[in-house]
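Participant: Can you keep this structure in mind? I'll have questions shortly.
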Amino acid sequence: MEVLYSISKTLKDARDKIVEGTLYSNVSDIIQQFNQMIVTMNGNEFQTGGIGTLPIRNWTFDFGLLGTTLLNLDANYVETARTTIEYFIDFIDNVCMDEMTRESQRNGIAPQSDALRKLSGIKFKRINFDNSSEYIENWNLQNRRQRTGFVFHKPNIFPYSASFTLNRSQPLHNDLMGTMWLNAGSEIQVAGFDYSCAFNAPANTQQFEHIVQLRRALTTATITILPDAERFSFPRVINSADGATTWYFNPVILRPNNVEVEFLLNGQIINTYQARFGTIIARNFDTIRLSFQLMRPPNMTPAVNALFPQAQPFQHHATVGLTLRIDSAVCESVLADSNETMLANVTAVRQEYAVPVGPVFPPGMNWTELITNYSPSREDNLQRVFTVASIRSMLIK
């Protein structure tokens, strides 16, 4: 894997900087590294493809070295270099695609394609290593079963979940009280509602709670908390739990009271925030508990009082909500996040070449299913294919 990254980094630098008119002295280090790569690769043969519709291709290496000059690089020099660079880039692209289409239930962190296994051989260690990539650094740690750490921005840590629970209901669905939520990606939105606006509740207050368990623990997370759940702020028709009917939800938004957010790790409370909104931090957690209250306003203008009558029909439904968004965090496991295209790159290659469903990944690389059942085997394989996708993205956009 380190060799694959180092070759790609060398090719990227060469493609960007070996241009006509450049002084040789300005790129001599790159050219020397480029020549070392050629010397190491010459005389070797590789084969890629042969899975799904990814075609089998054979690769041979027999390239001349780039020479030295005291002058600027001329068109002939650059053209010779470009021919070699383009062949190597095509090779790296196919090695990466081959690797991204393969999976294994055992030791999925290790190279799975024949080409990458061969590149892991001792003879290729002469290629100048560049391990500056976060993915390469973590791949090395994971390969040795040491603790890894990925920095994510808006990590897709929450499997998609959208539903509701009713604490009070009737066959006519005309006086309901309960909770509805939408968890997806890096965001939780949860709303508590009461058609009667807590009129018959103790102290005219309804208590709501929403607990979310993460599939992987996060550390040093920066989080935004807002006293609103905008996705539940407009009327909608909702299917009943048994699917036999539908019911009408027409929210009127109130501010939540006594808001408390707890972050827990293995059942132990690590951080607690009460009535605090905006940016907060959480040190280490695998569970989030949100609790909040809906309180019937003790004083109301006639217009507000008309919204919340003391008897049916209840045409407007008192609603309070919270939004929790994970803006950034560190995780020991690889995840998809908003700043990267690794999941899209891997999925696109597997779809384009009709890769059959294997023993590890779900059909279509369905992220909700993948993160819901995030086994050690999936973690190993995902880290490997994301590492390869990050290498490929240096050369192929």
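Using N, Cα and C of the backbone, Cβ positions are placed for all residues, glycine too.
The region 'Interaction with the inner capsid protein VP2' annotation in Swiss-Prot covers 62-73. Swiss-Prot lists H153 with the feature Zn(2+) binding site. Positions annotated as Ca(2+) binding site by Swiss-Prot, on the basis of sequence analysis: N266, D286.
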Participant: Measuring Cα to Cα, how many angstrom lie between the residue listed as 'Zn(2+) binding site' and D286 (Ca(2+) binding site)?
Facilitator: 17
Participant: List the same-chain residues at least 6 positions away in sequence whose Cβ sits under 8 Å from the Cβ of N266 (Ca(2+) binding site), in sequence order, or say none.
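Facilitator: Expected: D286.
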Participant: With DSSP, how much of the region 'Interaction with the inner capsid protein VP2' (62-73) is helix, how much strand and how much coil, in residues?
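Facilitator: Split into helix, strand and coil, the region 'Interaction with the inner capsid protein VP2' (62-73) gives 0 helix, 1 strand, 11 coil.
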Participant: Helix, strand or coil: which one is N266 (Ca(2+) binding site) in, per DSSP?
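Facilitator: N266 (Ca(2+) binding site) sits in coil per DSSP, no helix or strand.
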